[in-house]
Amino acid sequence: MMTLARHFVCLLVVTLAAGELFSVPNDGREPDGHSRRGKHGSFKTSSSTASRSQTPQVQGYEDRELETNYWLEQAQQTLSQKLATPHNTNHAKNVIFFIGDGMSSQTVAATRMYLGNEANSLPFEHFKDIGSVRTYCVNRQVSDSSCTATAYLSGVKINYGMVNVAASVPRYTCAYDRNASDFEGLLKWAQDAGKSTGIITTTKITHATPAGAYASTANRYWENDMEVRDADCDPELVDDIAEQLVGKDMAKRFNVVLGGGRANLLPVETMDEEGKPGYRTDGKNLIEQWKQTHETMGRSQYVWNREQLLSVDTSNTDYLLGLFESGHMKYNLELKENDEASRMEPTLEEMTRTAIELLQKNEKGYVLFVEGGLIDVAHHETYARLALDETAEMGKAVDTARKMTSEEDTLIVVSSDHAHTMTYNGYPKRGNDILGLGDVSDEDFLPYTTLSYANGLSYYTTYTEENLAIREDVSKYDYKQMDQRYMAMVPLDAETHGGDDVAVWVSGPMSHLFRGVYEQNTIPYLISYIAQIGDYYDDSSSGTSGLVVQLSLLLGCAIAVLMRR
């Protein structure tokens with residue numbers, strides 16, 4: 001009995017001291033009305049709560065926010081702006097389509113705070129119109145980047161893990177009727193209308209999202225011939241994604257291709273410019289093949305680092321291939337911390353600027369597809385800081401694109417392919433560090449972060465190794481580090497996507513067509529209607545100019561008949 005009493009006293013001492021051990025930027029508060037403990041629950045009187053009330057709190061809002069009139073005037077101003085904004089009913093000459101891979105609504109909201117305040121806005125949040133799309137695949141409630149890329153680029157929902165192949169074909173199928181089941185989308189429609197085209201990504205150029213712009217494959221991971229062979233398919237009969245990028249007719253016509261992923265284009269015996277070997281076992285050097293092909297097509301250039309990219313004479317270049325890494329490109333924060341890395345790799349904004357400068361030479365316009373792909377990569381590792389920073393970087397690229405173009409003739413669409421499981425939770429005070437601790441649990445008296453994940457590898461840093469039913473004291477981690485993992489509830493080797501709807505922000509001609517809630521595969525049809533490409537290209541050619549031609553022919557025929565008389 002004495003031993004049991006000693007244990008109880010020790011536990012009581014630890015519990016009472018908990019508030020002094022954890023530095024959480026939050027003062028004391030009563031439980032909210034929806035707390036299951038009720039208004040008079042023990043949380044209010046716990047010693048951990050009392051200790052938090054002594055922590056200085058940074059005011060995270062402006063004094064004018066305390067005044068009722070501030071909010072009334074702000075709402076009236078927004079209403080007035082909306083009422084005074086007419087619809088732009090022009091058709092679009094140019095289209096720039098941005099995808100923030102994995103950029104959920106929670107990611108956008110947390111990035112505002114990462115940039116300094118909850119009331120901040122990312123550049124695309126100032127766009128006039130917004131819609132919302134459903135992201136599921138045909139056979140999965142929660143999607144991946146390949147089935148969604150097919151939806152928003154080609155207009156068809158398909159199965160998980162596949163790119164531009166009809167849902168009637170099972171994944172990993174080596175042989176099927178490609179004429180009946182493969183399809184092409186937005187960028188092919190643009191090319192057929194005489195427009196220039198380009199793709200940009202911060203991931204591998206053969207990754208699922210950019211592959212959606214040009215490839216058809218029964219497995220998104222068939223990025224090189226070795227991966228096709230490992231799946232017991234014949235590489236002679238099944239073209240891998242990299243081979244399609246260089247050999248497929250519509251992909252050859254891309255004027256701009258920028259991203260990472262050199263290894264999938266090089267043989268295993270070939271070292272790239274940074275001394276890393278390729279992955280291909282068929283001996284094909286697809287970078288050299290691209291050079292040879294485009295030498296006969298026009299003025300072409302291959303670049304592999306930032307200095308070369310920024311030196312490109314876009315006015316005298318018709319085709320540009322830039323591959324800046326063996327695999328995915330580096331995170332923006334990695335570039336900021338390493339002078340050599342920042343010298344070697346361009347930012348997403350720099351790639352976007354170069355692409356627009358090159359593409360805008362075409363009098364018929366262009367369609368440019370841009371992916372901020374590392375948002376997703378960071379989320380899968382539960383690297384919340386990196387995910388938010390990559391979202392902010394994509395915002396910079398969007399801002400540059402809008403400033404370089406006119407709203408009168410250039411449609412800019414910003415969306416995401418799918419969500420992630422990161423949540424923005426608890427009741428942190430305004431001014432609290434979004435990437436720091438949010439509060440202390442009233443159950444185990446341990447702190448938790450404002451941002452956390454439903455699942456992922458960070459489960460093992462969230463719970464103690466000795467007892468996975470007990471949480472770690474997460475205040476011991478350094479959340480200033482870019483690669484600090486954030487809390488997760490379920491153990492997985494990689495955090496998963498989320499099934500949420502995602503937003504679509506739109507600026508430019510006919511942006512109002514994107515309002516409402518609809519299926520993700522509707523997006524390319526809205527774009528093609530506004531840009532008069534694809535199914536709507538023939539309609540555009542039979543417009544006013546076509547009518548003039550027809551009337552001229554009729555008049556000529558009438559004159560000829562009268563002259564015969």
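Backbone N, Cα and C atoms are what each Cβ position is placed from, and that goes for glycine too.
Given the structure is predicted, the values throughout are model-derived calculations rather than measurements.
If you check TrEMBL, you get these features:
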- S145: active site, phosphoserine intermediate (ACT_SITE)
- D101, D376, H380, D417, H418, H497: Zn(2+) binding site (BINDING)
- 43-55: compositional bias 'Low complexity' (COMPBIAS)
- 23-61: region 'Disordered' (REGION)
Between the Cα atoms of H380 (Zn(2+) binding site) and S145 (active site, phosphoserine intermediate), find the distance and write it as a whole number of Å. 13
Around the Cβ of D376 (Zn(2+) binding site), other Cβ atoms found within 10 Å total 30
List the residues of the same chain that sit at least 6 positions away from the residue listed as 'active site, phosphoserine intermediate' in sequence and have their Cβ under 8 Å from its Cβ, in sequence order, or write 'none'. D101, H207, A208, T209, G212, R220, D376, D417, H418
D101, D376, H380, D417, H418, H497 excluded, remaining Cβ within 8 Å of their centroid (Zn(2+)): G102, D144, S145, I375, H379, S416, A419, H420
Counting other CB atoms within 10 Å of each candidate's CB, the least crowded of the binding-site residues H380, H418, H497 is H380
Excluding its own, the Cβ atoms lying within 10 Å of the Cβ of D101 (Zn(2+) binding site) add up to 28
